[in-house]
Amino acid sequence: MTTTQSVMPYDEALERFEPVLGLETHVELGTESKMFCGCSTAFGAPPNTHVCPVCLALPGALPVANDKAIESTIRIGLALNCTIAEWCRFARKNYFYPDMPKNYQISQYDEPLCSNGYLDVEVNGETVRIEIERVHLEEDTGKSTHVGGATGRIHGADYSIVDYNRAGIPLVEIVTKPIPGTDRLAPEVARAYVTELREVMRTLGVSDVRMEEGSLRCDVNVSLMPRGSAEWGTRTETKNVNSLRSVERAVRGEIERQAAILADGGKIVQETRHFHEDTGATTSGRSKEEAQDYRYFPEPDLLPIAPSPEWIAELRGELPELPGARRKRLQAEWGVSELDMAAMHNAGAIDLVEATVEAGVPAADARKWWMGELARRANESGRALAELPITPGQIARVVELVSSGALNDKLARQVLEGVLAGEGSPDEVVEARGLRIVNDEGELSSIIDQVLSANADAADKVRAGKIAAAGALVGGVMKASRGKADAARARELILEKLGVSE
Amino acid sequence: MSLIRKTAAELGALIASGEVSAVEVAQAHLDRIAEVDPQINAFLHVAADSALAQARAVDERRAAGEPLGPLAGVPIAHKDVFTTKDMPTTAGSKILEGYRPPYDATVTARLREAGLVILGKTNLDEFAMGSSTENSAYGPTRNPWDLSRIPGGSSGGSSAAVAAYQAPLSTGTDTGGSIRQPAAVTGIVGMKPTYGGSSRYGLIAFASSLDTPGPFARNVLDAALLHEAFSGHDSMDSTSIHEPVPPVVEAARRADVAGLRVGVVKEFGGEGYQPGVLARFREAVDLLESLGAKVVEVSCPSFGYALPAYYLIAPSECSSNLARFDGMRYGLRVGDDGTRSAEEVMALTRAAGFGPEVKRRIMLGTYALSSGYYDAYYGSAQKVRTLIARDFEAAFHQVDVLVSPTTPTTAFPIGERADDPMAMYLADLCTIPANLSGNAAISVPCGLADEDGLPVGLQIMAPVLGDDRCYRVGAAVEKALEDRWGGPLLKEAPSL
Ligand SMILES: [Zn+2]
């Protein structure tokens with residue numbers, strides 16, 4: 001295996017070529033039991049403990065389809081605006097591999113349960129419609145671990161061990177139609193699609209969609225065509241892309257790699273490539289010439305799936321509000337721009353802002369705190385917003401203290417800092433740190449007197465009518481009060497003492 | 001009369017009344033097996049200890065005053081293609097030599113629930129692929145009528161065991177005739193129920209859309225009792241039907257054909273059929289007429305395509321069903337010496353573990369399903385299947401049952417067709433259509449062919465879920481013929 005491959009810088013590649021994308025996503029459904037037997041689907045059990053004659057493919061065992069998985073697949077199809085088949089069959093996909101107990105996978109071939117849908121995703125504040133080719137139901141394979149050898153792959157390994165706990169877990173495959181016209185945004189579009197798909201799955205409650213545990217896995221197809229050409233190039237399929245960041249990197253990397261080959265007069269080999277999470281590079285896998293003939297045929301051990309129109313209508317009626325629709329609704333309710341909404345979406349702030357608003361905070365304030373001070377702190381500490389140790393309720397209390405005049409923004413920031421540092425609730429932090437605005441007119445007046453005498457030049461300028469110079473005096477008061485003074489009241493008093501008015 | 005000559009119904013009644021113990025009955029059959037099976041080779045495994053233990057349990061239940069079913073304590077021979085958790089299960093293949101499944105097939109479990117005493121597992125063509133039991137990895141089974149001849153197949157061990165009085169009942173599976181053809185050539189009764197009427201869970205698959213468990217017995221009523229004992233819906237088999245088991249026992253007791261319309265399949269007869277087979281068949285048809293049935297000739301034009309369609313569909317499904325036998329999880333493993341890849345070990349295991357007929361069918365099926373050939377082969381065969389189902393449907397608008405010879409010839413000599421697969425495949429010519437359409441069909445003895453003195457079977461085919469009609473007509477024929485013969489046909493068999 002060699003990882004040295006020439007690449008063309010991304011910008012240059014995009015000047016010369018246009019990418020066409022395609023994404024195949026596998027989602028493990030979160031059903032209690034496996035697709036064709038009663039075994040548990042729980043993650044992390046000791047190897048080969050969630051197995052039975054059916055999922056081990058012992059002689060004589062037969063599959064029985066999990067109705068809940070069929071229902072979940074139909075719900076996914078409906079959420080992705082697909083047509084649901086009135087009648088379709090499972091099919092056997094035949095190939096030999098030790099992690100496939102039957103040496104065929106029960107899948108669907110030319111009769112997918114759901115087809116012809118779309119998913120709208122937002123990239124840079126713009127909506128991109130991703131067309132969905134099909135959504136079908138199949139079973140997962142076991143998991144092989146190749147021990148020894150340098151690559152962790154089967155070739156060169158000393159021996160391999162297989163865990164069949166995962167064998168037979170229901171897997172939904174969602175395949176897009178080719179996605180042309182993404183231009184320079186191809187990597188971002190790919191990422192945005194997988195992100196949005198993940199949110200749809202979460203909203204539907206059909207999967208925990210944990211990429212790191214493999215419950216959402218992505219294959220990325222990329223081809224390039226010269227600018228101005230109408231004919232799509234040869235595509236490659238990059239497998240094993242198991243994080244959102246990797247989706248973006250895989251698309252970018254494949255564009256750079258293919259561009260270098262094409263610019264050199266070379267040809268792209270139609271093949272599967274393996275993505276390496278550590279380096280971001282891909283290496284060549286199986287080429288089309290070596291591709292297997294899966295000898296698909298309708299699964300004779302299972303009855304066709306024939307969901308009634310009434311049932312589909314019922315499932316459609318029970319769909320929850322989907323993420324895209326929800327964002328549109330919230331955007332209107334909060335009165336923010338597409339871009340602001342996109343920024344909140346990307347920052348993972350929407351749920352937090354919504355909860356803060358529900359706690360009684362005006363939307364603008366909720367957004368200001370989450371996207372300002374808290375986003376900055378999350379960024380500094382390399383955490384997601386939702387991981388900060390502060391709740392929407394606590395933000396609501398801080399905002400309440402500000403609007404009642406008990407805190408100003410500067411003090412409020414200190415309160416947040418205290419909460420984030422684990423010093424307790426906002427009220428406890430205010431108490432412990434003594435963070436209250438100075439409202440006592442006598443104390444404020446004496447602070448002002450000190451500041452005026454210490455800044456005689458500035459005071460003279462104000463007296464002479466340069467009211468702008470008052471800002472420095474207010475600043476001096478805030479500094480002298482360590483931020484606890486009410487800046488607006490201080491300004492009024494300064495002007496009054498200097499005998500000028502605005 | 002000795003216990004082994006009694007019918008299952010008689011034995012069940014004797015045991016229930018306490019006149020004989022289940023242990024005595026089991027022991028008598030175990031003794032018979034010990035005496036004759038060295039010549040017959042019907043059994044791959046005899047489970048004497050567990051059989052006696054099961055029999056004792058039945059006797060204890062009786063002693064405790066528990067009500068017993070009609071077959072409680074009756075011995076049975078079980079085709080070695082059903083999983084049994086207390087006995088090896090080989091499917092007649094070297095690839096499963098010594099394999100002990102951790103679970104019982106649904107049919108096995110229901111036999112146990114009915115109190116049937118499983119004597120052991122019977123020989124079969126490897127993975128039920130064959131018509132002679134010569135394809136077993138464990139040697140051929142011999143026909144009790146003539147030890148130089150085949151007992152039919154694939155359920156040849158089960159047919160021979162019943163014909164040789166080693167068991168009053170046995171189980172079989174019928175994919176293209178594997179119950180009816182062995183029943184016909186050994187002079188006993190064999191029934192293929194409606195597809196989905198008996199569970200396939202734990203039946204080691206040959207061709208999933210065709211495989212059907214069914215009973216063997218020496219008379220129609222016994223077959224019906226066994227049919228009823230193990231049939232009916234099973235939630236572990238998605239293709240199992242929900243409808244109640246047709247009233248087969250009642251039909252077997254009724255045994256009359258007055259007013260029934262009987263169709264003779266025009267396409268089955270003529271060239272390739274043994275004259276003695278056709279003569280007995282025509283007599284059976286005349287007999288039906290004399291019993292009050294209305295006989296007409298019915299044409300089923302697509303039946304001529306059944307054999308080629310079957311030899312595309314069954315191998316296609318088997319090429320996939322048998323993929324799991326790869327040495328990775330159970331059974332034989334060859335070449336795992338630390339130097340070979342998993343792929344090589346799989347290939348060596350399968351090369352060593354499967355016999356020539358199994359390999360031939362896996363290759364046929366793999367080819368038929370290949371990209372570019374699928375439509376021409378598998379696709380066309382499925383269309384033929386639809387046409388055959390339509391032929392049956394049209395026929396059953398005119399008649400209540402269809403009849404034909406079960407198989408074109410009597411039992412052929414061992415070795416005669418071993419090197420001629422096409423000749424072997426012709427043995428299932430008349431039985432395959434009912435498998436392709438899922439219909440019920442039975443074979444009952446209708447006499448001995450003049451030229452060789454060997455048994456001939458009458459096939460009675462009924463609509464899907466019309467299993468009771470097979471028993472009703474079969475029992476009527478049996479009754480009339482036994483009156484004529486002065487007893488069952490089997491009493492003509494040379495004693496071993
Ligand atoms: Zn399982």
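Any Cβ shown, glycine's included, is placed from N, Cα and C.
What TrEMBL says about this protein:
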{"type": "DOMAIN", "residues": "B:24-470", "note": "domain 'Amidase'"}
{"type": "ACT_SITE", "residues": "B:LYS79", "note": "active site, charge relay system"}
{"type": "ACT_SITE", "residues": "B:SER154", "note": "active site, charge relay system"}
{"type": "ACT_SITE", "residues": "B:SER178", "note": "active site, acyl-ester intermediate"}
To the nearest whole angstrom, what is the C-alpha distance linking B:LYS79 (active site, charge relay system) and B:SER154 (active site, charge relay system)?
10
For B:SER154 (active site, charge relay system) and B:SER178 (active site, acyl-ester intermediate), what Cα-Cα distance in Å is obtained after rounding to a whole number?
5
Check the active-site residues B:SER154, B:SER178 for other C-beta atoms within 10 angstroms of each C-beta and report the one with the most.
B:SER178
Determine the mean pLDDT over the domain 'Amidase' (B:24-470), rounding to the nearest whole number.
97
